[in-house]
Amino acid sequence: MNPILAYFIYYMLVMGTIMVLISSHWLLIWAGFEMNLMAMIPIMLYNQNPRSTESAIKYFMIQTTASIIFMMSVSINLMLTGQWTVMYINNSMLSTIITISMLMKLGAAPFHLWLPEVAQGLHLNSSMILLTWQKLPLIYLYSLYSTLNFNIMIISALLSIVLGGWGGLNQTQLRKMMAFSSIAHMGWMMAVLCYNPNIMILNLFIYMIMTITLFMIFKYNSSTNISNLSLICNKSPITASLLALMFMSLGALPPLTGFLPKWMVAQELIKNNNTMLALIMLMFALISLFFYMRLIYSTSLTMFPSTNNMKMYWLYANSNNYSFITIIFSIMSIMMFPLMPILMNLY
């Protein structure tokens, strides 16, 4: 891709997202979503092949449908109120329509089936952008949390946690597993959104840091499925140990970073007299933990069969020179738990 064109595309992707987050005008928010969509399609087609083309078409159709539903609700709101300003919506039908359009855009259950298929057909870089940066419009719901349909959000949150964990159990492709992981984490964010949006934002940023770190490691090791992970222990035991810690953090095992947002979400639900909801979410989170443990087993506890006398490759033959950003993100993904008292005081 031409560097100038690539710069323009990424600039439009960033500006579209920023426009969504800072606008207080319904039409500008819709325009920001469309700018984001038009910039994401060329990124998906960067390494053009039939699978990436199919993923781009699926993504375009889903996002366009969600935008049409969103614009329809905004137009009805304009007819009822006579203004474009984002404000509290009293009409339950409009609240339901806006909630459904946002769930479709973010890939939350029961509108989640497109996300694993789209992520699987993309290059690792494009898939990382889809599962991280494209979740930032969730912050836009911060200004709409009092408008969204509470019952639909809770039902979608529970479905996302269950189906996200269940769908990843029998997968062998890493991009699909990370997509189902994204769906499950989306459920935790939506569950706390109606009670404390600040914790939702913290949860989103911690999830993005952990996901970006994993995709960076996958890219450096050219890993796209579980079979590739079994080679990492032979090539670099340090990388295998780091991946094991990363998967445990993503599965929310204490005292790693990933345990921090789930603890805060469960505590917030219990404070709002939703103990049963928190208990159900924690129980279903064990399903997701199972396939993370399956990845840890493939990465750290198995070795690829080899006829060589040496179990390790020559240390300098396939050395991985990780970037400084990867090292910083890895530390943040594993060792932020001691900051929990400070973060809890902030929220």
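A Cβ is built for glycine as well, from the same backbone N, Cα and C atoms used for every other residue.
Residues annotated as transmembrane segment in TrEMBL: 5-22 (among others).
Positions annotated as domain 'NADH:quinone oxidoreductase/Mrp antiporter transmembrane' by TrEMBL: 23-287.
Sequence annotations record features per position, and here TrEMBL assigns transmembrane segment to 59-80 (among others). Long-range Cβ contacts of the transmembrane segment (59-80) within its own chain (Cβ-Cβ under 8 Å, at least 6 residues beyond either end) map to 26-27, 30, 33-34, 37, 40-41, 44, 89, 91, 93-94, 97-98, 100-102, 104-105, 111, 114, 118, 130.
Residues 33, 58-59, 62-63, 65-67, 69-70, 72-73, 76-77, 80, 130, 135, 137-138, 140-141, 144, 147-149, 152-153, 156-157, 159-160, 162-164, 179, 182-183, 186-187, 190 of the same chain lie 6 or more positions beyond the ends of the transmembrane segment (92-115) yet place their CB under 8 Å from a CB of it. For 92-115 (among others), the entry in TrEMBL reads transmembrane segment.
Counting only same-chain residues 6+ beyond the ends of the transmembrane segment (148-169), those with a CB under 8 A from a CB of the stretch are 92, 95-96, 98-100, 102-103, 108-110, 112, 116, 141, 176-177, 180-188, 190-191, 193-194, 277, 280-281, 284-291. The transmembrane segment annotation in TrEMBL covers 148-169 (among others).
Positions annotated as transmembrane segment by TrEMBL: 190-218 (among others).
Annotation comment: TrEMBL describes 238-256 (among others) as transmembrane segment.
Annotation comment: TrEMBL describes 277-297 (among others) as transmembrane segment.
Residues or ranges marked as domain 'NADH dehydrogenase subunit 2 C-terminal' by TrEMBL: 289-343. Confidence over the domain 'NADH dehydrogenase subunit 2 C-terminal' (289-343), given as mean pLDDT on the 0 to 100 scale, stands at 71.
Taken from TrEMBL, the feature transmembrane segment covers 322-344 (among others).
Packing against the transmembrane segment (277-297) from elsewhere in the chain are residues 154, 157-158, 161-162, 164-166, 168-169, 171, 177, 180-181, 184, 187-188, 191, 226, 229, 243-244, 247-248, 250-253, 262, 265-266, 269-270: each is 6 or more residues past its ends and has a CB under 8 Å from a CB in it.
Outside the transmembrane segment (322-344) by six or more residues, the chain places 202, 206, 209-210, 212-213, 216-217, 220, 242, 245-246, 249, 254-260, 263-264 with a CB less than 8 A from a CB of the stretch.
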